[in-house]
Each structure stands twice: as C-alpha cells, then as structure tokens.
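In what follows, a structure is listed as structure tokens, so that the remarks can point back to it.
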Amino acid sequence: GRPGANVTLLCRDPEPPNGTVLWSGRRRALGGGNALLLGGLRPEDAGRYSCHQGGHTLRTVRLLVEEPPEPPHVSCSRRSHDKDVLCEWQPRALPAPGTRAVLWMKRRFTAENMTEQRCHFYSVAQKFVCRVKVPPGTEDTKALVVSVCVSSRAGSSTGEDRIITLNGILKPDPPLNVSVEAVEFSPQRLRVRWSYPPSWDPRFYWLRFQVRYRPEPTPTFTQVDQVTRLWMDIGDAWRGTRHVVQVRAQEEFGHGAWSEWSREAVGTPWTEPRDVTEMGPYSSQFPAEDDPYGYGVTLPPELFSDDTTDDTRGAVLEATARSPTSPYALLVAGGSLLLAIALCFAIGMRYKQRAQAQRGAKLGGGGQHPMVPLCPPGSPLSSTPLLPPAAPPGPLHVTNLDY
C-alpha cells in the first residue's frame, strides 16, 4: 500500500469455520477476524503480519508501504566525440530500497544492435546515472532511441522514448586553469588564459569559447563570443578595479550544448606605481589635505607631543612638503642646455671664418684677372711649373687695363 492509504489483510479464503482469528504484527493494537483493516498507512507500518487460531499460525503476510517509482525524465549527454553516452535523471523523492532501473538504446526504426545498460543511483548527487557504450558503426548524425524502465516492490514505470543524435548531445566539460593577468603599462587591459578540459582531445576536435567578465561592483556580465584561441585580451577594463571572469566551451561547429561556466577567476588591471619619498629622520608621515598628487608630508614628532609650546611662548613648527624631482626632467634639462651651448659655439665659429674670408679678399685687391690655363694643351704637368717666374719690376702704366 501507498503511504496514507488503507489496506485490508486477508487471513484465509474461505474464512476458518470455528474459533477466533487473532493478528500480530508491527502495530501494537490489532483487531481480530479473518480480514484486518489498516488505515492511514505509514512507512513504519511496513513489515510482517500473521494471523493465528488456536495457537497455530494460519498465514503470514508481508506489507510494503511504498510509493511506486515515478516515471523517469531522462537527459543524455556526451563529453566528447570519443566518450560514452551518459544518461541521467533526478527523482523527486528518494527511491525505495531495491529499486532497479534499466536503459535501452537502439537505432531508430530498427531493433538491431540494441544496447542494454543498468543504471545506478548515487545518493550524493541524488540522481540515477547510466553509462552507455555507443553501438558500433553508429554515425554521429543518425537518430537513436533511448528507453528507460524503473521497477520496485511497489510497481514499475517507464519514461517516454527520447530521440537523440550523437552530435546533438555533445556537452564538453568546463575549461580549466582560468587565470587573469594584468598587461604592463595598460591600465585598461586584462589578459585571460585557460586550457582544454582533460576529457576533450584537441588533436582531433577543437572547441570554441565564450568569455564573460564584470567589475566586482556590478552584477551584469559583458560576454564575448566566437573565441577560438586559449587566451583573450579585455580592452575595456575599469582602472584599478578587480574583475571576475568565467569561460565556457562548445564544439567548434556548434554541435550540442555549451558547457557549464568555469570557476570564477579574478584579476586587477595594471596600475602605475607611485614614487616613494625617502623618509627623513622622522618616522611620522601623513598625507597633506591640499596635496593633489597624494605625496606625503613628513612631520617632526614634536607636533604630536602634548607640549605644543616651548619657553619662547609657542613657536610653531611648520611642516615642509617634499616635492619629488623626476630624474627624467633633469636629464632633459641638461641635454637642452648642452645643445644650446654647442649651437652658440658653432654660430660663433661660422662668423669668425666668414670675417677672415672677407679680410683676405680686401688685402688681395678688387681687380679681376682672366683665367689662364696652368699649362698649354698637350704639355705634361710635370714639365710646366705651377707658377710663372717673377717679372722684374717696371714702371706703372696706368692705361694698362690688366691692372
């Protein structure tokens, strides 16, 4: 009987002729008679009941208080092209002890190569799981029929037949080793890396991936599709904010379903390190309120003592802010100064050479002389002197235009 129902236990048919029939069993208070009515059954009422007459046991009846198994709603998947088919379902209530489940798989429209597999119930996962070998010679696109029957001492039930294809039930495992790294000198970029799950062999079949990420203050994810590599750069990350990233996978041509999302990985974009001001002889350093760059102001310990005045009636100690000087600025300033000095020196030398050239032209005279070849044509250079012999001085002829 089912829990909450009524059941009648019969001792003999026909009823014993003389004497009183008594019952014994799980319940303390039991009536007499050939028929025993038990109402409002509970699981603890299950057990053996016996009827007696005159000290002799006439019959023993075993009562089961269970629900018959519910019809299974099966879903099948395959972790890769070379793995077995896994079919599973989760009942709404725990199955009774001794419940048995069997699965059959065969090609559609034919009874050949039927595969029978017993299913097991896993108490931790609270579900039945069946691992089925793929029939030999089955194509990935051919339809297969899956049937399941569940039986117990209280009855049996069957689920609806499911039509599947090996390509259609592909569902990879989530990607592994997801990591998020900062990209140096890029305050708005993050690099995400991951790897294939061990159940998928990338030598024969590939996967495509989806990546989703979000800054930690926001609940909404940004999703990127059609990623075929094992890494991706996020180019719109929030500066200085930690981000949550997840990755999932699907067969490269879109067959089957997406895997579950991977575990969350977190990372923060690169931030420019601040210059650390060298600490002076004092050990107390606090940020100044009017310091827009966040540099510290070193204060002497006298400011933090209880005695704020001395014998000179309250001389106030002022804090001096140290503004750090960048070595790059000193390098640029020194280079510019050296370049200016070199330029001035070059201009001075140029003017000096020009002045010397003009002075030499004035000393040599202002007349122009015709250009005369150094040697007549045909004569070798070695036989002709480079300069003519000096002429004896003579009278100055003012009418000679050659002067």
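Along the chain as shown, residues are numbered 1 onward.
Placement of Cβ uses the backbone N, Cα and C atoms for every residue, glycine included.
Residue ranges 17-59, 275-317, 361-403 are listed, and TrEMBL annotates 361-403 among them as region 'Disordered'. In terms of DSSP secondary structure, the domain 'Fibronectin type-III' (174-271) contains 0 helix, 44 strand, 54 coil. Helix, strand and coil counts under DSSP for the domain 'Ig-like' (1-51) come to 3 helix, 17 strand, 31 coil.
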